[in-house]
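**Q** OK, TrEMBL features for this one:
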type	residues	note
DOMAIN	12-191	domain 'Helicase ATP-binding'
DOMAIN	371-537	domain 'Helicase C-terminal'
DOMAIN	557-686	domain 'RLR CTR'
BINDING	C571, C574, C625, C630	Zn(2+) binding site
Amino acid sequence: METSDVQIFYQEDPEYQNLSQNSCPPSGCGKTFVSLLICEHHLEKFSQGQKGKVVFLANQIPVYEQQKSVFSKYFEKLGYRVTGISGETAENVPVEQIVENNDIVFLTPQILVNNLKNGTIPSLSVFTLMIFDECHNTSKQHPYNMIMFNYLDQKLGGSLDPLPQVIGLTASVGVGDAKNTDEAMDHICKLCASLDVSVIATVKENLEELEQIVYKPQKFFRKVESRTLDQFKFIVSQLMRETECLAKSIHGDLGKLFQIQNREFGTQKYEQWIVTVQKACMVFQMPDKDEERRICKALFLYTSHLRKYNDALIINEHARMKDALDYLKDFFSNVRAAGFDEIEQDLTWRFEGKLQELESVSMDPSKENPKLEDLCFILQEEYHLNPETRTILFVKTRALVDALKKWIEGNSKLSFLKPGILTGRCRTNQNIGMTLPAQKCILDAFRTSGDNNILIATSVADEGIDIAQCNLVILYEYVGNVIKMIQTRGRGRARGSKCFLLTSNADVIEKEKINIYKEKMMNESILSLQTWDEAVFKEKILRIQIHEKFIRDSQGKAKPVLDKENKKLLCRKCKALACYTADVRVIEDSHYTVVGDAFKKCFVSKPHPKPKKFCGFEKRAKIFCARQDCSHDWGIHVKYRTFEIPVIKIESFVVEDVATGAQRLYSKWKDFHFEKIPFDAAEMPRRL
């Protein structure tokens, strides 16, 4: 976020406009500083006997923690009570009492959505001010928009209960799919309607003074050539072609599934294609069910290997061959440790047959990635000019974060660097990602000490994280829309900051140049809207709100039909029967277990590598398909209250209709509209 670009959206209140236009926020805390002033003004305006209550909504946990810390230090000195609830703490605190007993409450938005839905927070009328950080996210089904749906239903439904003031803060509203200024203005008006705001405030009166304090990084584009000869890609591509042929030969009807025009190994397009093929293979059906299970399992294995090979080629494109090879070696090591049937043995044998050649190629210093050489040059140059440089290096994937960290640590030319990593939080039932304490620790080390002077990050660091010392931002094959461009560029806060976009793809540079044009179009649109007659603007906002509510209400009437017929859950890898939906029970509306002794025979468990407590559960083990030649991951084993129970994930299963035999895949339980029976302790066997 660049403070000179701060855009504040609010309902009409001239005093807020004066605050936002006349304030001169210091470097690295523009939105925070403005929101402090607005919040303080709001709380002070209540007469004796009345009381304001502020809810501050932050989308990302690191931003939530950062803003809560700043507000706590400031407002507790003034006698106000500040607290916060996030997904990490929501299960362990009485939300109703927390909201009631504090003046300023920080929430991640889903917490507010959940508590409005279950009635713990009766309505938004309990608040007098709502502040949305990074308010450009208020669209579609984002939790911000779900909150505002509730607000607008109350407003347009004629409720007499008072509604809170709404403030939205962002560095960039974006332009959506707009091709011109008129379309961009429409996009911004829709955002204003979603937030029920009638004023857009940007810094005007002190703009020159502000630009002397807040620094806009200088932008550089670096087009780098790819490897001229990539023997690693040649060998892996050969293995992929062999694997594709093996998959096609499983059954005569499968050839058409593997037909695609202009696909290329090692691309996102291939990843999307192979995922589509894999899903189609999972629901491939035959009269002979044993043959169906054999074929589906074989196809699962072949497509899984193709995905891993493709991942390795993407790593190879952006990092070292060695990192890509290590990724494959880890994968095949895990394959050996699981079912390791005849097909996996054959695929492993084929890989190991090329391993010596791959090892030789990956160790050849002449095959260094030109992009890494250029990245090394940029880092050497910038740290030579300023040894105190602090860098955020943005990359697209966690795998690339790990690869670049290893490359820096193993590169003698970059021995002056101390890399840290920042990635998204891990899912409850998975081992990937970073925990909240780990994120906080790495950010603190980067901000306040010399432990880390370069942070390699995924998109989790895009928005709102204030690191005033950061003076170098490198976008490594990293580009998105205009909002992402402004957000990532804005991580460089210090005087003389620079932002490099490094890529081997000319289209990436062209896309970023289009984003620069869209940023100009966005700013022109905002200036134009600020000249509109106030009554005309309000009327347009109201028309949009009424139209959007009509659409919501129309869609809301078409509720999904609850399917009460019994269904089978089949292992998504081997198609073995796991259980019936009649035996599935729902815990706290979001966790799914299976009752009865039959299911216990269908899975095996192994100690969880990262046991932890979450939401009233104690995660102890992972569960897998019991078939020795399968061992597909089905979920976790937990302690809940006094019970030891499995918790399964729907993405591990194929759902088959008992009556018709039709098969379907679901990625989320909420999309599977079967009759969900709540967990009942009385059904559990008594302990002797």
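Including glycine, each Cβ sits where the backbone N, Cα and C put it.
Remember, it's a predicted structure, so these values are computed and weren't measured experimentally.
Describe the structural context of these features.
**A** Counting only residues at least six positions away in the same chain, the Cβ atoms of K297, G339, C571, K573, C574, A576, F624 sit under 8 Å from the Cβ of C630 (Zn(2+) binding site).
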**Q** Considering every residue in the domain 'RLR CTR' (557-686), what is the mean pLDDT value?
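**A** Summarising the domain 'RLR CTR' (557-686) by its mean pLDDT gives 90.
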**Q** Going along the chain, which residues six or more apart from C625 (Zn(2+) binding site) have their CB under 8 A from its CB?
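**A** Set apart from C625 (Zn(2+) binding site) by at least 6 residues yet with Cβ under 8 Å, we have C571, K573, C574, A576, A578, C602, F603, V604, S631, H632, W634.
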**Q** Show, in sequence order, which residues other than C571, C574, C625, C630 on the same chain lie with their Cβ within 8 Å of the centre of the Cβ atoms of the Zn(2+) site.
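**A** Counting only non-site residues, the set is K297, G339, R572, K573, K575, A576, A626, R627, S631, H632.
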